[in-house]
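S.K.: Residues or ranges marked as transmembrane segment in TrEMBL: 54-75, 81-103, 115-136, 178-201, 213-233, 245-263, 284-306, 326-351, 405-424, 445-463, 500-519, 525-543 (among others). Under the heading domain 'Cationic amino acid transporter C-terminal', TrEMBL lists 498-547.
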Amino acid sequence: MVSTSSSSPSSFMSSLCSAALRKKTLNVGPSDNHTPRAPQDEGGLVRRLGVYELVLIGVGASIGAGIFVITGTVAHDAGPGVTVSFTLAGLACVLNALCYAELSSRFPAVVGGAYLYTYAAFNELTAFLVFTQLMLDYHIGAASIARSLASYFVSMLELIPALKGNFPSWIGQGGKEFFGGVISINLLAPVLLVILTIILCRGVGESSVLNSFMTATKIIIVLFVIFVGAFEVDVSNWSPFAPNGVKAIITGATVVFFAYVGFDAVANSAEEAKRPQRDLPIGILASLLICAILYIAVCLVITGMLPYNLLGEDAPLADAFTAKGLHYVSILISVGAVAGLTTTLLVGLYVQSRLYLGLGRDGLLPSIFAKVHPKCHTPIHSQVWVGIVAGILAGLFNVHELSHILSVGSLTGYSVVSACVISLRWKDKASSHLSANWLSTRREGLICLIVVACCGFFAGLSYRFGASFIFIIVALFLAIAAVAALHFRQVYADPPGFSCPGVPFLPAASIFFNIFLFAQLHEEAWVRFVVLSIIATGVYITYGQYHADPVGSNYSIAYHRAPTEEI
């Protein structure tokens, strides 16, 4: 632990740097794939999730607002090219998912996801910054989805003639606004959050059953919608394919990127997976592939059914089928939207609690977040906290207005995860002694990674503001040179379990493309990134550096001996 009795600014800075640069060492081996059973009263998490449940967690986290809402919003700008937007975002996420798959296989028995990987590959402060950026995305996203779910739920109830028009705005339809819209009261959204939080507190088994049922329901409905809609497609609606040019398609890719975040949820299920080293990579890649296929198919169908400028932005699927006189399909879509948003919200709340659990164990947050209920085997305190934060945001504020600052945490977090793959593969990093040569080699590698990221951002800015194409070529050339240095001047070791192909090229391409998309975000998103980073650094300086325990010795049983449910 770092001493709090710093006697001078220089000693304080020395202590701060020493703490901030600490790494987490996890002795995770192949034996973790068959983790020994621990007594039930130890309060660890329970391994109940097989590969089927993990795939459904990934699909459940992704298929929701992406299909039932975002498709119409992006189509208004990108036209039928929204299909390409989803394809580009999907390809970027494939690169990210391959990196996640390797790291989830490398650290198969521990919760924490991107935060944990950063802690092990880089340092404590960077890991804490990754956590805060991701967590803000999750908190705002959960509140926004809760409001959308409340609206869809009321719309579904209003299909009953006796109830139509009898729900005031403060129940679920948007919200009752005060003070010029600064406060927007919505009572149904917090109620739905309370129900889902209770289910998650009861146990991963109960929440997994609900997620599996609701996810299967929405997949069946989406497949039915694709099948029926395919017979109503008029190919002339696909022309012009990109009415506002390629730039609108690229911008659309940044908007829909957040629709693919389900694989991060799978990675955060590591401590509750039955055979994590095998099943986590399968769950990550399979869920992403399923989501990409469904997104692209839905985009082709709805832009073929109606001209892109006639699609509604709130409920594009329902509008398309209503326009064709297929009202019964619109009813099914409402049911599918409720199921889809429910699972997205459920998994989002689940992931947040596991991230808080990881930081509570490591001391970067108060220890109450690390407590696991001895009977339910869930981090109840973390789960309740997550539900409270989402409930306050959803009940009092119109969080949809904050949607344009989302994706910042995801894009930066995924970039760091890709860098972790390269860093953890460096053979010198595994050596038993630290020589001056090792330090210079590692420093050189880090500089190359930073160059790739900076080139991606510069290329993205050049494209966004219509600068000469030569600037993009120069940025790409410099990035390729940095990757070449990573390839020829670094030695890489083979990881245990699943191996990401094409290291360092594929992870470097992931970093470049993620930061390129980051440059397309609204300026307010950049401000949010900087301000939140400053606040998080302040929290770390005043609390985290003094309480962090990267060894995690107090939680070795919870990390490595989570009990396996009897079959």
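Every residue, even glycine, has its Cβ placed from backbone N, Cα and C.
Because TrEMBL annotations are produced automatically, they should be read as predictions rather than curated entries.
What you are looking at is a predicted structure, and each value in this text was computed from that prediction instead of being measured.
So where do these features actually land, and what's packed around them?
M.R.: For the transmembrane segment (54-75), the list of distant contacts is 82, 85, 144-145, 148, 152, 208, 211-212, 214-216, 218-219, 222, 252, 255-256, 258-266, 269, 273, 279-280, 282-284, 286-288, 290-291, 294-295, 298-299, 302-303, 308, 311-317, 319, 333, 336-337, 340-341, 343-348, 350-351: same-chain residues at least six beyond its ends, Cβ to Cβ under 8 Å.
With a cut-off of 8 Å between Cβ atoms, the residues of this chain six or more beyond the transmembrane segment (81-103) that come close are 71, 74-75, 113, 117, 241-243, 246, 248-250, 252-257, 259-260, 263-264, 266-267, 280-281, 284-285, 288, 291-292, 295-296, 299-300, 303, 308, 414, 417-418, 420-421, 424, 495, 497-501, 506-507, 509-510, 513-514, 517.
When Cβ-Cβ distances below 8 Å are used as the criterion, the transmembrane segment (115-136) is approached by residues 19-26, 103, 107, 264, 352, 355, 358-359, 362, 364, 408-410, 412-413, 416-417, 419-420, 423-424, 528-529, 532-533, 535-537, 539-540, 544-545, 548, 550 of the same chain, each at least six residues removed from its ends.
Remote same-chain partners of the transmembrane segment (213-233), defined as residues 6 or more beyond its termini with a Cβ less than 8 Å from a stretch Cβ, comprise 56, 59-60, 63-64, 67, 290, 294, 297-298, 300-302, 304-305, 317, 320-321, 324, 326, 329, 332-333, 335-336, 339-340, 342-343, 346.
Nonlocal intrachain contacts for the transmembrane segment (284-306), taken as residues 6+ away from its ends with a CB within less than 8 angstroms of a stretch CB, comprise 54-59, 62-63, 66-67, 71-72, 75, 79-80, 82-83, 86-87, 90, 93-94, 97-98, 100-101, 104, 219, 222-223, 225-226, 229-230, 232-235, 237-238, 256, 259-260, 262-263, 266-267, 316-317, 319-321, 323-324.
Non-local neighbours of the transmembrane segment (405-424) in the same chain are 95-96, 99-100, 102-103, 106, 114, 117-118, 120-122, 126, 130, 133-138, 140-141, 254-255, 257-258, 261, 264, 445-446, 449, 453, 486, 490, 495, 500, 503-504, 507-508, 510-511, 514-515, 517-518, 521-522, 524-526, 528-529; each lies 6+ residues outside the stretch with a CB under 8 Å from one of its CB atoms.
Using a Cβ-Cβ cut-off under 8 Å and counting only residues 6 or more beyond its ends in the same chain, the transmembrane segment (445-463) has close neighbours at 247, 250, 415, 419, 422-423, 426, 471-472, 475-476, 478-479, 482-483, 485-486, 489-490, 508, 511-520.
Helix, strand and coil counts from DSSP across the domain 'Cationic amino acid transporter C-terminal' (498-547) read 39 helix, 0 strand, 11 coil.
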S.K.: Go through 245-263, 326-351, 525-543 and flag the stretch with the largest number of C-beta pairs under 8 Å relative to the transmembrane segment (178-201).
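M.R.: Out of the listed stretches, 326-351 contacts the transmembrane segment (178-201) most.
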S.K.: What parts of the chain pack near the transmembrane segment (326-351), using Cβ distances under 8 Å and only residues at least 6 beyond its ends?
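M.R.: For the transmembrane segment (326-351), the far contacts come to 57, 59-65, 67-68, 113, 138, 141-142, 145-146, 148-149, 152-153, 155-156, 159, 192-193, 196-197, 199-200, 204, 207, 210-211, 214-215, 217-218, 221-222, 224-225, 228-229, 232, 262, 264-265, 268-269, 315, 317-318, 383, 386-387, 390.
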